[in-house]
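One structure is given below, encoded as structure tokens.
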Amino acid sequence: MKVCLVGAAGGIGRPLALLLKMNPEIDELALYDVPGARFPIPGCVADLSHINTPAKVKGYEGFDQIAECLTGADMIIVTAGIAQKPGMTRDDLFSVNARIMRDLAYKFAKYAPKALVCIMSNPETALVPITCDVFKQVGVFDKRKVMGLMSLDVTRARTFYAEASGQDVEKVDVPVIGGHGGCAILPVFSHATPYVKLDDDTIAKLDDHVQNAVTEVVDALAGAGSATLSMAYAANRFTQILIGALKGRPAKASAYIEEPYQDVKYFAHYCDFGPEGVSKIHELSLSPFEQSRLPDTLDKLRNDIARGLEFMRRPSQIVLTE
């Protein structure tokens with residue numbers, strides 16, 4: 001089992017690399033980032049290689065090494081890109097990360113067209129459509145295999161629901177649909193398990209807490225960063241689920257994929273996974289509160305998806321795959 005972590009030297013990538021190194025089912029962990037990162041990839045590899053777990057760690061820097069990094073990959077996890085900084089607008093963030101994601105996607109399509117591609121870079125709801133569009137241009141798109149992670153939103157929903165309902169936090173599950181980021185996040189507490197009926201006011205507060213949890217972390221860090229540790233944990237959990245699916249074990253999770261919901265082409269569904277990726281979509285009935293939230297979720301997704309696809313339609317974005 002070869003897993004590639006793209007953006008491995010970043011704030012999420014480094015703790016995620018540690019968690020992946022601890023997974024006994026990973027045989028090879030390939031770490032990739034750009035040259036000149038604050039924590040150079042060779043140093044990350046040297047550090048991790050001292051840990052007595054089976055996964056062999058290899059490092060790669062720059063596009064001249066990315067072919068070797070990606071070749072033979074079963075799974076690619078993408079944390080690459082910049083985080084939103086003080087004074088930076090969402091337009092600024094998108095313009096930088098869209099170019100990064102587009103360029104990487106061409107490499108994924110060329111060197112690892114059959115790998116599962118798991119995107120956690122932001123804005124995820126726009127970057128997944130960009131990646132899918134690149135794969136379509138190259139002629140290797142398989143909608144079962146390209147997805148955006150919802151695992152941080154799921155982790156938060158589980159934690160907050162368990163606290164409110166008095167459940168064991170390690171035994172609860174809460175599907176999250178829609179997409180990652182703000183009002184796109186729609187926790188489906190009506191399908192939480194074990195189910196405990198909570199009053200409408202509590203549900204509304206839980207929903208708001210999940211949507212705005214990142215602000216809580218950013219404020220607490222006082223400008224020093226964002227949610228890197230919980231994101232790494234959540235991404236590792238999702239990776240464990242997908243590895244199990246690749247090995248034929250039953251697996252369920254929420255993921256943002258190209259699978260329509262009403263008039264929206266990309267949507268986070270609660271899915272079954274198998275050896276080829278997404279194998280089944282679960283259509284969840286929604287409570288009246290969840291239905292009332294849906295219009296805002298769909299509006300945000302329409303805008304983000306359109307932004308990603310419009311970016312790919314600019315003449316300057318049609319580039320060679322070499």
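Note that Cβ sites are derived from N, Cα and C of the backbone, with glycine treated the same way.
Residues or ranges marked as domain 'Lactate/malate dehydrogenase N-terminal' in TrEMBL: 1-148. In the domain 'Lactate/malate dehydrogenase N-terminal' (1-148), helix, strand and coil residues by DSSP number 62 helix, 28 strand, 58 coil.
G13 (NAD(+) binding site) counts 29 other C-beta atoms within 10 Å of its own C-beta, drawing on all protein chains shown. Sequence annotations record features per position, and here TrEMBL assigns NAD(+) binding site to G7, A8, A9, G10, G11, I12, G13, D33, N97, M120, S121, N122, M231.
Per TrEMBL, domain 'Lactate/malate dehydrogenase C-terminal' is recorded for 151-311.
Residues or ranges marked as active site, proton acceptor in TrEMBL: H180. The DSSP secondary structure for H180 (active site, proton acceptor) is coil. Annotation for H180 (active site, proton acceptor): spatial neighbours N122, E124, T125, G148, L149, M150, L152, D153, Y256, A268, criterion Cβ-Cβ under 8 Å with sequence separation of six or more.
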By a simple count, how many Cβ atoms lie within 10 Å of the Cβ of N97 (NAD(+) binding site), its own Cβ left out?
22
Average the pLDDT scores across the domain 'Lactate/malate dehydrogenase C-terminal' (151-311) and report the rounded value.
97
Binding-site residues (G7, G11), the one with most neighbouring Cβ atoms at 10 Å:
G7
Among the binding-site residues A9, M231, whose Cβ has the fewest other Cβ atoms within 10 Å?
M231
